[in-house]
């Protein structure tokens with residue numbers, strides 16, 4: 001529970017820091033971008049507290065580059 | 001934004017101060033630490049017995065005579081692994097034992113014959129051990145007993161072990177400073193097997209453990225370095241005596257200074273103090289068999305003259321002394337090589353490594369059989385070059401004018 | 001968005017720090033395990049490769065002055081294809097770049113200096129610093145780099161000089177024993193960690209240097225300085241520790257600092273030397289994060305990148321904690337995947353764009369069309 005409160009506090013502080021200025025300057029695109037990334041950050045944080053073990057996102061890169069890596073190993077350019 | 005910034009700065013400042021006040025996670029104050037200065041491992045009843053000598057800070061600094069307590073204390077614990085034994089020690093030690101200031105690590109002969117590699121991995125892996133302590137093998141005594149001996153001069157025995165090893169390595173060259181990195185390199189290398197200095201306890205051990213040992217001018221029981229332990233990979237297989245040890249060190253090329261004598265024609269000896277040495281090992285292939293050139297060049301002064309009729313102002317006398325010394329050193333080196341080739345049959349000299357450096361391709365082929373097939377029958381060509389630079393503070397010896 | 005202009009000297013210093021950061025920690029061990037005592041040769045070969053790669057990257061950039069890589073790919077690939085490629089590039093770069101480097105510094109601290117401290121504590125604190133730096137902008141980063149670079153040089157040179165007495169030349173012999181293939185492999189691992197990620201600089205520098213026509217020269221100078229520093233660290237590791245110890249240790253450069261002992265008096269200064277790692281890794285993570293943040297703002301047509309820094313930094317600190325499940329995974333990733341990935345984005349990608357540029361130039365009408373659409 002403590003972690004959720006902490007996430008909420010961080011999110012609130014960050015919004016309080018950035019939002020009023022953007023509204024004053026009428027930077028609406030910026031507000032949308034900020035909101036999107038904030039949601040993503042909160043999502044990841046919540047996921048991290050809820051799940052014990054998160055698979056590393058590097059598995060995607062690994063999956064994509066595995067064939068290229070195998071090719072380079074076969075040629076002998078990487079070990 | 002400005003006010004916001006101010007508030008944020010305040011909060012950040014508070015956080016930083018709070019962080020500083022609470023300090024580190026695993027902070028350890030000096031008065032919560034037991035500083036281990038010496039450690040030893042014995043192999044007893046199929047278990048490791050770890051003994052740790054811990055310095056008692058108050059006893060080291062306080063004026064002599066005021067205290068009745070020993071300057072260090074010894075904790076001993078047994079375990080199936082050394083790490084367990086070290087942690088089990090917290091059952092008897094009032095503080096957590098801190099290994100960063102370790103000076104010397106001893107292993108007893110019985111354990112060295114079983115193999116030391118398992119012990120060394122912990123020392124290499126754990127972050128608390130720094131790579132600057134020395135290692136030695138106890139000979140004819142256990143590591144635990146050796147760590148119990150009281151020593152004069154250096155009140156902490158581990159410090160005495162550390163310093164006297166360093167000094168004798170530098171100025172007598174029969175014992176040798178070996179650090180963890182060097183030992184591990186020796187164990188894993190195929191072209192060079194490691195050696196470690198031996199440590200003995202002389203005299204009566206029972207008195208040595210007592211305060212009586214340091215109360216009189218004469219110290220009944222002493223810790224003495226003696227000879228080198230020969231290893232095959234990580235297992236001890238034999239010992240080199242003092243003379244062989246000095247020959248060995250000369251071949252390895254890390255002698256800083258030493259002393260040796262040559263006999264004069266009319267009874268007596270001339271002692272030469274070696275000040276600089278340099279050794280070059282070079283492999284060659286003769287009829288596809290490896291051979292090795294050992295070129296040793298030494299530089300020294302005349303240290304003392306114990307015979308009459310020696311004209312030291314004459315360059316030819318100096319040349320004669322040089323030639324005699326060269327022959328003598330050559331003999332010592334050939335002896336130790338011969339002894340190791342026939343008795344121990346392991347390449348502790350690093351001949352394999354030298355050959356590896358000069359003939360990498362051939363080495364690849366013969367690497368696996370080096371010890372068994374090539375080293376024992378390896379032909380070596382020893383050539384020694386001794387240069388006498390000075391004659392000390394006097395010229396001719398007054399012994400020449402002595403009326404008999 | 002405030003106008004940002006940094007000087008050529010600042011470009012050189014930032015580039016050098018970016019190049020050294022993280023490579024100084026993780027390179028020597030990996031290269032020594034591949035090329036053994038010839039790792040120092042491999043680093044020179046790697047520098048050769050590195051400058052070829054740099055030439056490709058900056059040839060492309062100079063064809064379109066004041067245009068950064070992302071605008072450029074939108075121009076050459078067409079708006080939508082370009083945006084998708086850019087997005088993929090930025091997301092993968094984010095996962096492979098700043099988050100792992102932040103993890104590296106945490107891992108280094110927990111392995112070597114503060115073993116009982118949770119890695120989160122170090123990652124969050126260091127992450128906070130990076131967020132602060134990036135939020136304040138490139139100019140602030142460049143100036144602080146200028147201030148910290150002399151300190152870095154001082155520590156580095158004093159470490160090199162203090163280690164001179166412990167050098168054993170036999171450690172580097174026999175030269176060229178392992179053959180050409182391991183040297184090439186080690187050289188590729190060198191470029192993939194040190195030089196190929198320089199593609200990030202193509203996002204950072206265009207449009208923010210006061211004499212932009214000479215940016216590439218300043219980058220070359222920075223890379224030369226950084227490359228020489230890395231060469232010296234690798235050579236010292238080999239000469240002082242020997243190839244086996246270098247390969248076996250996780251952080252050989254730290255063990256190097258531990259080996260400093262002048263007369264039993266000047267010793268145990270490795271914690272001071274670790275400042276070197278902090279400085280360079282800070283700039284590495286900051287430049288990555290800066291590039292990614294302005295990249296995202298460009299893709300979504302956001303003029304001011306600053307509001308995005310805080311959330312992206314937050315994500316970075318969070319992701320960084322679980323980016324590597326354990327240490328062997330990191331070694332495996334660096335060895336197997338990071339190389340091919342950086343070759344793709346750092347060399348093949350700009351090379352492809354460069355070819356595309358020449359093709360378009362041959363058929364001028366088409367290039368006009370695409371530039372209109374961009």
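Just so it is clear, glycine is given a Cβ too, placed from its N, Cα and C backbone atoms.
Marked as transmembrane segment by TrEMBL: C:12-33, C:39-60, C:80-99, C:119-138, C:147-167, C:187-206, C:218-241, C:274-296, C:308-325, C:337-359.
Most Cβ pairs under 8 A with the transmembrane segment (C:187-206) among the ranges C:80-99, C:147-167, C:274-296, C:308-325 are made by C:274-296. Count of Cβ pairs under 8 Å against the transmembrane segment (C:119-138): among C:12-33, C:218-241, C:308-325, C:337-359, the largest is for C:308-325. Counting Cβ pairs under 8 Å that are 6 or more residues apart, the transmembrane segment (C:147-167) and the transmembrane segment (C:12-33) reach 3 or more and are in contact.
Between the transmembrane segment (C:12-33) and the stretches C:80-99, C:218-241, C:274-296, C:308-325, C:337-359, Cβ pairs under 8 Å are most numerous for C:218-241.
With a cut-off of 8 Å between Cβ atoms, the residues of this chain six or more beyond the transmembrane segment (C:80-99) that come close are 70, 73-74, 130, 197, 200, 285, 288-289, 291-292, 295-296, 298-299, 312, 316, 319-320, 323, 338, 341, 345, 349, 374. Within its own chain, the transmembrane segment (C:337-359) has Cβ neighbours under 8 Å at 53, 56-57, 59-60, 63, 69, 72-73, 76-77, 89, 92-93, 96, 188-189, 191-193, 195-199, 202, counting only residues six or more beyond its boundaries.
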